[in-house]
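**Student:** Have a look at the structure that comes next, please.
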Amino acid sequence: MRATHATTRSALHHLAARTDEGVTTVTVSSTTVPPSPPTSPLSMDGHEQVVHCFDRTTGLRAIIAIHDTSLGPALGGTRFFPYSSDDEALADVLRLSRSMSYKNALAGIPHGGGKAVIIGNPATDKTPELLRAYGRFVESLGGRYVTACDVGTYVQDMDVVAETTRFATGRSPENGGAGDSSVLTAYGVFQGMRAAAQHVWGEPTLRGRRVGIAGVGKVGRVLAGHLVEDGAQVVVTDVNSAAVSALLATHPSVETVGDVAALVRGDLDVYAPCALGGALDDDTVEVLKARIVCGGANNQLVIEGDGGTADRLVAKGITYAPDFLVNAGGVIQVSDELRGFDFERAKRGASAIFEHTLEVLRVADERGESPAAAADHIAEQRMAAGSPTIWLPQP
Ligand SMILES: NC(=O)c1ccc[n+]([C@@H]2O[C@H](COP(=O)([O-])OP(=O)(O)OC[C@H]3O[C@@H](n4cnc5c(N)ncnc54)[C@H](O)[C@@H]3O)[C@@H](O)[C@H]2O)c1
């Protein structure tokens, strides 16, 4: 869940009714959005459908969660992870699939939110047979859920999953897919950062600004390249020295610091978390000097909801470009792949993150709330304006 991410389907319909009545502005505040129903076998935390999968031949155990299909078939990756219990796996898949509804709605793609988890150790349990068995479960949903890569699953895995389902995206170019999505993810983050710069400094450029990137893996490395090209002063850190060396080989002007703690204490104009989740804890917000936070990492806010990290950032005068808004380039890419991948078309989609971010920051200012809360409300309004009935496979 993000700032709220708590709206139930009935609340979305309430919003829809208001839209029908001609209300064009977002009118629901976080305090009036009803909380999610408690997680129980039937309420499923507000999800439309949750499918528990077991394949007796391969031992596959998976959960597919479809949160909301008011904007189209659910789209979201498959996480392959050694959860310590089924309850932990269920809680994770429900949280992740709900987040996808918001991300997809904000990205303006014709998809609802869903996600899947495969319970197991990807290093030891992943076999082609198990992935094919998983693909059959995805196929059984007739397109209501479209899968892609996530933690523990890769482009090559989606190639195998696609052997048994038509509803796998994020495949390799050799198999008709778009390949690695981090290029457009990084491009989208850069667009979000340009928009935040426009909002804060009046110019859509990072020229002359000092930008700190934590994590220069697939996304951070490409982002660094965009920033150098734009004329920014880039400083990075990564626990993997090989990742830093690879970046310096192509961009020798990039500076390095020892760790994230040193990075966030530095004189930054922009902080770009591009490693793991939980980047914005209380200690980080406390010492951060940057005026903008905008990065590719998922789930950056440690304390979500009213009074949480997003509000603390506002109180410190830091403009936060919500992670699920600016890192949507990857999902825009896999969504495009479903139509027959066209890189330029997908790049245009990711370019729109610039306008989307400007809109969110403007609405946040107008409503006097955090950008995370504003992004939630815009996503909820879009879902409310979608279909009131579940998406069904097309004949
Ligand atoms: N790849 C995508 O298309 C995509 C899309 C959306 C969101 N994201 C998110 O963006 C983030 C980065 O993704 P990625 O694909 O670049 O992953 P990656 O694994 O390629 O890169 C992450 C980098 O962070 C570094 N790192 C890890 N812990 C660190 C720490 N404590 N301090 C400094 N560096 C650390 C790693 O060494 C690695 O180089 C993740 O949170 C991911 O969920 C990625």
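Just so it is clear, glycine is given a Cβ too, placed from its N, Cα and C backbone atoms.
What TrEMBL says about a protein is an automatic prediction, not a curated fact.
What TrEMBL records for this protein is below:
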ACT_SITE  LYS115  active site, proton donor/acceptor
BINDING   GLY215, VAL216, GLY217, LYS218, VAL219, GLY220  NAD(+) binding site
**Student:** Return the count of C-beta atoms lying within 10 angstroms of the C-beta of GLY220 (NAD(+) binding site), excluding that atom itself.
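**Tutor:** Cβ-Cβ neighbours of GLY220 (NAD(+) binding site) within 10 Å number 27.
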**Student:** Centre the Cβ atoms of GLY215, VAL216, GLY217, LYS218, VAL219, GLY220, go out 8 Å, and tell me which other residues of that chain have a Cβ in range of the NAD(+) site.
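**Tutor:** Residues close to the NAD(+) site, other than GLY215, VAL216, GLY217, LYS218, VAL219, GLY220: SER182, ALA186, ILE213, ARG221, VAL222, LEU223, ASP238, ALA243, CYS274, ALA275, GLY296.
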**Student:** Looking at the binding-site residues GLY215, GLY217, which sits with the largest number of other Cβ atoms within 10 Å of its Cβ?
**Tutor:** GLY215
**Student:** Can you give me the same-chain residues 6 or more apart in sequence from VAL216 (NAD(+) binding site) with a CB-CB distance under 8 Å?
**Tutor:** ALA224, VAL236, ASP238, ALA243, VAL244, ALA246, LEU247, CYS274
**Student:** Please list, in sequence order, the residues in the chain of the residue listed as 'active site, proton donor/acceptor' that are at least six apart in sequence and whose C-beta is under 8 Å away from its C-beta.
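**Tutor:** Listed in sequence order: ILE64, ALA65, HIS67, GLY76, GLY77, THR78, ARG79, VAL93, LEU96, SER97, SER99, MET100, ASP150.
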**Student:** Which has the fewest other Cβ atoms within 10 Å: LYS218, VAL219, the binding-site residues listed?
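**Tutor:** Taking LYS218, VAL219 as the binding-site residues, the minimal 10 Å Cβ count falls on LYS218.
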**Student:** Can you go through the recorded positions LYS115, GLY215, GLY217, LYS218 and pick out those with a C-beta less than 6 angstroms from ligand 1?
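**Tutor:** Cβ under 6 Å from ligand 1: GLY215, GLY217, LYS218.
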**Student:** So, in DSSP terms, is VAL219 (NAD(+) binding site) helix, strand, or coil?
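**Tutor:** Once the DSSP labels are grouped into three classes, VAL219 (NAD(+) binding site) ends up as helix.
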